[in-house]
Amino acid sequence: MVIKKVNLDIVVGVTSTLPETPFPEVAFAGKSNVGKSSLINALMNRKSYARTSSQPGKTQTINFYNINDSMYLVDLPGYGYANVSPAVKAKWGKMIEKYLRKSSQLKQVFLLIDIRHDPSDNDRMMYDWIVNNGYRPVIVATKLDKIKRSQISKQVKAVRTGLGLRQEDILIPFSSQTKQGLKELWQLIDSYVLPQEENETDSESAAIIQE
C-alpha cells in the first residue's frame, strides 16, 4: 500500500463510546515499551506521528490512524506496566476487550513480542485473550536489530514455543530501525483489508514470513 494520507481520526478513552468506523481495521497489541508506536510510525512512513516514549505505559487510549481514507491502524494500550494501579489496568482491560468483541470492522490483531526475551506471563495471557475473542493473532517479533543475526532462529523458536504457536501461525521478525519485515507486514495487512481483486499479495512471500 502506498501511503498518501495519514490522520489520527479517533481517540477512545475508558469512558468513551466505541465508534462505528467506515473502514476495515487492523489492531496492534503488546506490552509497554515493546516498540508498538515505532512499528506504527514505520507502517505509516512517518517518523513520530504515533508518539513514542522511553516511559512505559504512555499509550492509554485506543488510537485510530486513518490510512488513505481506506483503513485504520488501531493502537491499543500497552499492558504489563507495573506503575499503573490495578484499577486503571482493569479499566484498560475492559476497554480492550470491549473493542475486540464489538468492533464490526476489525479484521486482524497483531501481537508484538520483544524478540530478545521469552514471552512473559502477560504476553501469554494477551495471546490467549485475543484467541478467546475470536482472532488468531499474527505475531510480530520486534527489536530485531538488537540481536545478532546468528541468534534470530533461536529467538524466533523461543517466541513460538513460549506462546504455543501452531506451525501455520504467522510470525514476522521486525525492526523499526532497519525496516526489516515492513514489506511483509504490509503484504499481510493488505490481504486483510483490501478487496480480493485488489490484493496482489505474493504467495511466495507469504510462505517466507511463516517460517
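Glycine is treated like the rest: Cβ placed from N, Cα and C.
Annotation comment: Swiss-Prot describes 30-37, 57-61, 75-78, 142-145, 174-176 as GTP binding site. Within the same chain, the residues at least 6 positions away from GLY30 (GTP binding site) whose Cβ sits under 8 Å from its Cβ are LYS36, GLY78, TYR79, LEU111, LEU112, ILE113, MET126, VAL140, THR142, listed in sequence order.
For SER37, THR59, the entry in Swiss-Prot reads Mg(2+) binding site, with the evidence type sequence analysis.
The domain 'EngB-type G' annotation in Swiss-Prot covers 22-195.
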Measuring Cα to Cα, tell me the gap between PHE174 (GTP binding site) and SER37 (Mg(2+) binding site) in whole angstrom.
13
If you count, for each of the binding-site residues LYS36, LYS143, the other Cβ atoms lying within 10 Å of its Cβ, which residue has the minimum?
LYS143
Which residue, of the binding-site residues ASN33, SER37, THR61, has its CB surrounded by the fewest other CB atoms within 10 A?
THR61
Between PRO77 (GTP binding site) and SER37 (Mg(2+) binding site): CA-CA distance (Å):
10
